[in-house]
Every structure is written in C-alpha cells, then in structure tokens.
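Novice: Before we start, here is the structure in question, set down as structure tokens.
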Amino acid sequence: MPEKYVAAIDQGTTSTRCILFRHDGSIATVAQFEHKQIFPKKGWVEHDANEIWNNTRRAVGEAMAELDISVNDVVSVGITNQRETTVVWDKNTGEPIYNAIVWQDTRTNDIAQRLAGDEGPDRWRKTTGVRLNSYPAGPKIMWILENVEGAREKAEKGDLLFGTIDTWLLWNLTGGVDGDNGNPALHVTDVTNASRTSLMDLKTLKWDEDLCKAMDIPQSMLPEIRPSIGDFRTVRARGSLAGVPIRGVLGDQQAAMFGQCCFGNGDAKNTYGTGLFMLLNTGAKPKWSDNGLITTVCYQIENQKPVYALEGSVAMGGSLVQWLRDNLQLIPNAPSVENMAKSVEDNGGVYFVPAFSGLFAPRWRPDARGAIVGLTRFANRNHLARAVLEATAYQTREVLDAMVTDSGVDINALKVDGGMVMNEFLMQFQSDIINTEVVRPKNIETTALGAAYAAGLSAGFWDSLNELKEQSTVDKVWKPKMGEDERKQLYSDWNRAVERTYNWEESTNEPS
C-alpha cells in the first residue's frame with residue numbers, strides 16, 4: 001500500500017515552507033522560499049502578501065514534485081502562520097490594498113495609546129487577553145483604514161476583507177475571487193489567530209461588537225472564527241493540492257505547543273528563535289495574569305471546549321547572537337558563541353540586558369534600554385558572549401516564574417524548540433537557572449509538525465492525542481547541576497542589572 005502523508009504549510013516571518021510528514025511524524029521532504037522584508041520607515045515592517053501566496057504555491061508544488069506523489073497520497077493539509085501580521089484586500093479583485101503589516105511593526109504605537117486612554121494598555125485585557133500595544137492586528141486594521149486612500153469608504157460598502165496570514169492563504173486556497181465549484185472562497189480564521197487581534201472575546205470566541213465599534217472596524221471585514229482542528233473545506237480544484245481537505249489551522253506558537261504535545265494543564269514550551277516565546281497550557285478556562293503575561297487560546301478541537309494558555313514573549317533571543325556577530329563583530333559566526341562561552345569558568349561578573357526596544361514580558365518597561373553591566377579590565381569578549389547566552393536564560397526564568405505565580409501550577413519540565421536549542425551550553429544553563437528539566441525533542445520542526453498533527457488528527461490519520469504523545473521522541477534532557485546558593489546569587493545580580501536599565505528612554509510607548 002502506498003505511503004500516505006500530511007502536508008504542513010508553515011508561513012513564517014522570513015519564509016514559507018511546505019513540509020510533508022510521514023505517519024511516524026518524521027519529515028519526508030521540505031520546500032522553502034524566502035520573501036522580501038520591506039522597511040519603508042524606521043519601525044515599519046511589511047511583506048508583500050501576493051509574494052507570500054505565490055511562494056506558498058511554489059513550496060507546495062516543489063514538495064510534491066520532490067517525492068513524486070499525487071494528491072491521492074496526501075491525507076490532509078494543515079496551516080500555521082506568523083501571528084498578528086495583517087492583510088486587507090479587495091474581495092472583488094483579490095488584491096491587497098496595502099502591504100501586509102508585520103507583527104514586528106511599531107507604527108501603531110500611537111493608535112494603541114489612543115485606544116488605551118487613561119486606563120492604560122490593560123484596558124480590554126480581561127476581554128481579549130492581550131495588551132494594547134503595536135502587536136495585535138486590530139490597531140493595524142485601523143491604521144490601514146485611516147491611511148490608505150479610499151479604504152474607509154470601501155470597508156463601509158463591504159468590499160474589503162481582513163485576515164491574518166492564515167485567512168489570506170485559506171481564501172486563496174479555496175478559490176479566491178472566483179471561488180470553487182460554485183462556492184465562494186472561504187473567509188475564516190481559527191481561534192488561536194483570532195485571539196491575537198484584540199477584537200475577540202476570549203470567553204465567547206466571537207468578535208466583540210463593542211471593541212469593533214471602539215476601533216471603528218466594520219464587522220463585515222472580519223472572517224468567521226472556527227476551531228483550530230476541524231473541516232475547513234478542500235483546496236480548490238486546481239494546483240498541487242487540488243481537492244485535499246484542509247483540516248488544521250494554528251498560529252505559529254500554538255502550533256509549536258501542539259507539535260510538542262503540550263496537551264495537559266501545566267505543560268509548557270519555550271521557542272528560542274529571533275525572540276523567545278513561552279506558552280503554558282492552563283486548561284479549559286482562561287487564566288488572567290497579574291504578572292505581565294497575556295492570555296491566549298492554545299487550540300480548539302472541533303466540537304470540544306477550547307484549551308487556553310498563558311504566553312510571555314521576549315524580544316531578543318537568537319537576534320542577540322546576530323547582534324554580536326553583525327554589529328559588534330565579536331564572533332565570526334553564530335555557532336562559535338557556544339565555544340566562547342564555555343572557554344571561561346563564569347561570566348566574570350558581566351551581565352548583558354538586551355532592552356534594545358524596551359523590556360517585554362513580564363516587566364513591560366518601554367523606558368528601558370540595553371546595557372552591559374559589571375565590566376572590569378578582567379572581562380573579555382568570551383565573558384560577553386557568555387553574558388549574551390545567559391541573558392536568554394534569565395529572561396526565560398522571568399517568564400516561567402510569572403507563569404507559575406499566575407497559574408498556581410508547578411512546571412516539572414520545559415520543552416524547548418527553535419534554532420538556539422542546539423546550543424548545549426545554553427540548554428544546560430537554562431536548566432540550572434530555572435532548576436527544572438529542559439527537554440529537546442528529536443524533531444525540532446515543532447511548528448510545522450503541530451500543523452500536521454492538527455490536520456492529521458482531524459482527518460483520522462492519527463487516532464488520538466495519546467497516539468501523538470506516544471510517538472513523540474526525546475533527543476536530550478538537561479537536568480539542573482547548579483547549587484542553590486549560586487543560582488540565587490546569579491539571579492539576584494541579573495535583577496540588579498536589569499533595574500539599572502530603567503528610566504532611560506523618555507518615550508512611554510509600549511515596546512513592540
């Protein structure tokens with residue numbers, strides 16, 4: 001019997017990939033295409049939504065051709081995407097009226113402040129789960145309607161559609177302007193992506209009418225909200241995946257949770273990418289943070305209650321190593337930072353606080369700026385390299401501590417993924433400073449795997465969450481080796497270093 005596969009479309013910040021997974025969760029093939037990063041002004045980041053759609057088609061076609069398989073060999077397709085990135089397009093032409101505004105973009109800081117008013121960035125957090133800053137999609141839609149000529153009028157007439165990248169891809173995959181087999185294209189999103197807009201009520205999982213009015217966003221623009229795992233219809237009757245059912249849609253960090261099999265209350269994962277993104281499964285009820293975290297939907301299976309999560313994001317992770325390499329030119333390449341860090345016995349009293357654009361969760365100090373603290377003539381570039389890696393671990397502990405406090409759940413192990421998890425020094429130090437096991441899976445492509453798991457589970461390719469957990473394999477586990485006194489001293493010194501960075505920038509904008 002011919003082997004069957006599940007396809008995952010992984011649309012990220014820098015590239016679009018199609019990965020075909022076997023039944024055992026292993027990767028059969030990968031096709032990847034990068035897209036342009038557009039920086040029109042300081043703090044602005046845009047993508048060409050048409051380029052992303054074209055790259056999606058190319059990646060799917062190349063992956064299918066690489067294995068020389070047909071649509072009959074693909075059971076289902078799942079989609080995972082960069083969250084919050086916002087596309088607004090004309091439903092009559094299929095053309096975006098402006099470039100996609102990327103999640104990193106900070107142009108909406110003023111809009112967010114305007115919305116926050118005297119109540120501050122937490123004004124609607126008990127409804128939406130998110131803070132009012134430049135991250136969520138809602139203020140990005142507002143900016144487009146306020147600044148693109150004719151946009152407001154078209155929106156009021158019902159001619160414009162909004163979507164995060166998942167919605168944009170789904171609309172095109174199901175026919176776009178022409179629809180498919182007499183059906184209009186699908187204009188939908190899933191609960192995880194909708195929870196990043198600042199427009200959805202986390203408890204009802206519906207668009208909040210009062211918030212839409214407050215942001216002056218016509219509800220006719222907004223997609224239908226559906227569970228993450230279920231029947232999203234089939235791909236249009238042309239192209240490399242023609243007729244294949246779309247069965248799973250998840251935002252990238254939630255997909256990584258699903259790929260890490262974080263299905264139980266108290267399961268946590270941290271993704272070490274450009275930034276750091278930690279999520280903690282909090283079960284069937286949303287937990288509201290008193291410690292600077294946001295509340296989000298983790299996933300929802302069709303005909304079941306949603307599962308919620310707490311999330312903390314840190315702006316600088318792997319990008320710190322890039323900064324050492326490209327800006328300071330202290331290291332020849334990214335992998336060399338590990339050997340440099342291991343070449344010294346300790347950090348030499350040096351602490352690096354990477355508050356380049358303020359501090360994110362859980363401190364949320366937009367006034368902070370980066371600093372290197374504790375320098376003496378003894379310190380050298382190896383100490384600085386070590387301090388950079390240690391900063392990543394300290395920031396992770398801050399988020400983890402906040403999660404434990406907010407949830408009341410003890411975290412017995414931290415599952416990790418992302419490019420930096422291959423750095424063994426960092427992983428051991430991470431385990432030491434949080435005094436908890438750190439677990440790296442064999443397959444670190446957990447984001448795409450999560451989309452595949454979601455789609456395959458819905459299609460019956462896998463029978464249950466338990467089956468997925470049983471086939472999940474561990475590559476390595478790090479256990480704490482550091483003594484309690486040393487751990488306390490290091491973390492105390494880190495906190496002193498961080499406090500030195502406060503009140504530097506006069507602007508009160510939220511970091512983004």
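Just so it is clear, glycine is given a Cβ too, placed from its N, Cα and C backbone atoms.
Quick caveat, the model's predicted, so the values are computed rather than measured.
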Novice: Of THR13, THR14, THR376, THR392, which one shares the sn-glycerol 3-phosphate site with ARG83, GLU84, TYR135, ASP252 in Swiss-Prot?
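Specialist: My reading of Swiss-Prot gives THR13 as the candidate in that site.
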Novice: What subset of the binding-site residues GLU84, TYR135, THR274, GLY419, ASN423 lies within 10 angstroms of GLN253 (glycerol binding site) at the C-alpha level?
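Specialist: Of everything listed, nothing lies within 10 Å of GLN253 (glycerol binding site) (Cα to Cα).
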Novice: Between the Cα atoms of ASP252 (sn-glycerol 3-phosphate binding site) and GLN322 (ATP binding site), what distance do you get, rounded to the nearest Å?
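Specialist: Here the two Cα atoms are 22 Å apart.
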Novice: What Cα-Cα separation, expressed in whole Å, is found between GLY419 (ADP binding site) and GLN322 (ATP binding site)?
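Specialist: Their Cα atoms are separated by 12 Å.
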Novice: Please report the distance from the Cα of THR14 (ATP binding site) to the Cα of THR274 (ADP binding site), rounded to the nearest angstrom.
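Specialist: Their Cα atoms are separated by 11 Å.
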Novice: Three states by DSSP: which one describes ASP252 (sn-glycerol 3-phosphate binding site)?
Specialist: helix
Novice: Measuring Cα to Cα, how many angstrom lie between TYR135 (sn-glycerol 3-phosphate binding site) and THR13 (ADP binding site)?
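Specialist: With distance taken Cα to Cα, THR13 (ADP binding site) is 14 Å from TYR135 (sn-glycerol 3-phosphate binding site).
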Novice: Please identify, from the binding-site residues THR13, ARG83, the residue with the sparsest Cβ neighbourhood, meaning fewest other Cβ atoms within 10 angstroms.
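Specialist: Minimum Cβ neighbour count within 10 Å, taken over the binding-site residues THR13, ARG83, occurs at THR13.
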Novice: Could you list the residues of the same chain, at least six apart in sequence, whose Cβ is under 8 A from the Cβ of GLN322 (ATP binding site)?
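Specialist: Listed in sequence order: ALA334.
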